[in-house]
Amino acid sequence: MKSIILSCFVISAAASQSYLPTEQIDVQSSLLSDPNHVAGKTVDYMIAGGGLTGLTIAAKLTENPNINVLVIENGFYESSEGEIIEDLNDYGDIFGTTVDHAYEIVSQAINNRTENIRSGNGLGGSTLTNGGSWTRPHKAQIDSWEKVFGNKDWNWDNLFPYMQKAEIARPPNDVEIAAGHFYNSSCHGTNGTVHAGPRNNGEPYSPIIETLMDSAKERGVPTQLDFHCGVPRGISMIPNALHEDQVRSDAAREWLLPNYKRPNLQVLTGQFVGKVLINQTATSGAIPGYKAVGVNFGTNKNVNSNVYAKHEVLLASGSAVSPRILEYSGIGLKSVLDAAGIQQIVDLPVGLNMQDQTTTTVGSRTKPSGNGQGQAIYFATFNETFGDYAPPAHELLNTKLHQWATETVARGGFHNVTALEIQYENYRDWLVNEEVAYTELFLDTSGKINFDLWDLIPFTRGSVHIQGNDPYLRRFSYDPKFFMNELDLLGQAAGSKLAREISNTGGMQTYFDGETTPGSNLAYNADLDQWVDYVKQNFRANWHAVGTCSMMAEELGGVVDSAARVYGVEGLRVVDGSIPPTQVSSHVMTVFYAMSLKISDAILADFHAKSSKH
């Protein structure tokens, strides 16, 4: 196998702050699209996926000119149906285009419906398709990754500096502060890579946000806080991942464009990584060893090639795809692999522990006096969400954990009752003792009072598994098993009920001009049971799935260790959103960027340790 120094071309890194759409489209012509340029060759690190984590890690590794990296991405730099939607206010316009994977889930038992999971397909991944919300989780949640799940050094104090390192924060101006923003400079980074600041289209801000905060204060809810300091709670406006000119700050713009002029970085687009190439190494007793040596990639079973990795293969294809690559490679549950006709080499609970959230909408019209731009988040605690229904909800937490774990394992969402009960006990501790945010109510005031809301801490566990042995047919079962846990359904219903109440109480009555969703479809005095019935038929996925290649101790159900290395296979890591062992009370971009930087340091430490031995 021949080693190659990989190269490509880029416009000046100095111009990375402000690209015109035409300049962005020209980037694609500078990337590789012919697989023959890399087929049969060897690089130091092969990254499967050019999304948020893949591009971040590629940029960090290639800061060392002696490290050669190849990124293989299924998508391209821009959509074949038009350039990326740069205005975050219009992000939904890209759904259904070639930049949206639109994974179809299996029919859900709760309502016999299927839907598409929105996920970015292109360089930048879901940073091309999301709404850009920029928040961070609760300290206790990240601390549990070490304390509960055995991931050494994965705690708030260690991850927080990486969150700051990723960020170029733009403080709010006086007008934005008056509208409801708050900024604590000690919680932000200013010398990072991803731009984050207030969304501001130049129009006046709606008075609704300030009024909502005033009403919340009367109920003892904290307001106008910085949700980046480790305790997201209450109501405030938030920054978004965007430049000062309001252009999207996506992973391709910030991590690829300034760097792919490097002679040691190459990006191949329009190709799908099907499986990892794994060799058996020396046997230790009765247990054989295995090492990842490359990947097979292509477009179909008749048109595919191998490329080899001298050091490591890094899977960065996301929570829906990375577990499938592992399974096609012989890593996973025997029952799944046998059914697919694949020889198992390593037994790990790949594809289990999927944790996605569910979304409902409560929307109303505003009187003209309430018009204006603005978005805010209410991070509501468990008690705030349930209100008068909190006592029976607590009773469920105190009496049902073992039953829920048993039922979840029986449904195929996890594989070990005892280990899952530990997860559930951790979630109960968050909700009861730490008072982490349980529900996010996302308010948009652009001529309306619109709450999109979701249960942040689902107890339901789903799965994703391959169906067949040909990765290029992309046949798989994606099953979040929404609302198979009773508390999740009750929580989504209670959050929806809360959104209706706060839309039209106190000072909000000044601007409220009639509800549109649910509107007449649900009686205004509906009780929680009626809201449950409504939610069953009117929710959607939140598209934030994590956990399908969980990072935790192997005996707890881990697929990767605290350095993101796959158990039982040398030279193979999973480095994307499939590895967080828990959900968090946050939008996940900030966590994924910090993860990427921390894992990059681990990879580089191993590289330097190996180099020093030679």
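Cβ atoms are placed via backbone N, Cα and C, with glycine included.
Look at Swiss-Prot and you will find 1-15 tagged as signal peptide.
Positions annotated as FAD binding site by Swiss-Prot, on the basis of similarity to another entry: Leu52, Thr53, Glu73, Ser126, Asn130, Gly131, Ser133, Val273, Gly577, Met589. In this structure, Glu73 (FAD binding site) is part of a beta strand by DSSP.
Contacts of Asn112 (N-linked glycosylation site) defined by a Cβ separation under 8 A and a same-chain sequence distance of 6+ are given as none. Taken residue by residue with DSSP, Asn112 (N-linked glycosylation site) is part of neither helix nor strand, so it is coil. Annotated N-linked glycosylation site per Swiss-Prot: Asn112 (among others), in sequence order, evidence recorded as sequence analysis.
Per Swiss-Prot, region 'Disordered' is recorded for 117-136.
The number of other Cβ atoms within 10 Å of the Cβ belonging to Asn184 (N-linked glycosylation site), over all protein chains shown, comes to 12. Asn184 (N-linked glycosylation site) carries neither a helix nor a strand DSSP state and counts as coil. If you look up Swiss-Prot, you'll see Asn184 (among others) marked as N-linked glycosylation site, on the strength of sequence analysis.
A sphere of 10 angstroms centred on the C-beta of Cys187 (disulfide bond) encloses 17 other C-beta atoms. As annotated by Swiss-Prot, disulfide bond applies to Cys187-Cys229, with the evidence given as similarity to another entry.
Look at Swiss-Prot and you will find Asn191 (among others) tagged as N-linked glycosylation site. The local packing around Asn191 (N-linked glycosylation site), expressed as other Cβ atoms within 10 Å of its Cβ over all shown chains, amounts to 9.
Residues or ranges marked as N-linked glycosylation site by Swiss-Prot on the basis of sequence analysis: Asn279 (among others). Non-local neighbourhood of Asn279 (N-linked glycosylation site): Tyr290, Lys291, Val293, each in the same chain, at least six residues away, with C-beta under 8 Å from its C-beta.
Under a cutoff of 8 A between CB atoms, and with a sequence separation of 6+ in the same chain, the neighbours of Asn383 (N-linked glycosylation site) are Ala390, Glu435. Here Swiss-Prot flags Asn383 (among others) as N-linked glycosylation site.
Secondary structure from DSSP puts Asn416 (N-linked glycosylation site) in coil. For Asn416 (N-linked glycosylation site), the same-chain residues 6+ apart in sequence whose C-beta sits under 8 angstroms from its C-beta are Pro349, Val409, Leu556, Gly557. The N-linked glycosylation site annotation in Swiss-Prot covers Asn416 (among others) and is backed by sequence analysis.
Positions annotated as active site, proton acceptor by Swiss-Prot: His544. Less than 8 angstroms from the CB of His544 (active site, proton acceptor) sit Asp356, Gln357, Gln583, His587, Val588, each of them six or more residues away in the same chain. Classification of His544 (active site, proton acceptor) by DSSP places it in coil, neither helical nor stranded.
Within 10 Å of the C-beta of Arg565 (O2 binding site) we count 22 further C-beta atoms, all protein chains included. Residues or ranges marked as O2 binding site by Swiss-Prot: Arg565, Val566.
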Residue numbers, six or more beyond the limits of the region 'Disordered' (117-136), whose CB comes under 8 Å of its CB atoms: 31, 49-55, 73-79, 84-85, 88, 91, 94-95, 98-105, 163, 196, 199, 227-230, 232, 238-242, 248-253, 256, 267, 269, 318, 320, 377, 442, 478, 541, 543, 545, 586-587, 589-591
Cα separation, Arg565 (O2 binding site) to Glu73 (FAD binding site) (Å, whole number): 21
Neighbourhood of Leu52 (FAD binding site), C-beta criterion under 8 angstroms, separation at least six: Gly124, Gly125, Ser126, Thr127, Ala251, Asp576, Gly577, Met589, Phe592, Tyr593, Ser596
Among Cys229, Val566, the most crowded of the recorded positions [Cβ within 10 Å]: Val566
The region 'Disordered' (117-136) - residue tally per DSSP class, helix then strand then coil: 4 helix, 4 strand, 12 coil
C-beta crowding around Gly577 (FAD binding site), within 10 angstroms: 29
Cys187 (disulfide bond) and Val566 (O2 binding site), Cα-Cα, nearest whole angstrom: 33
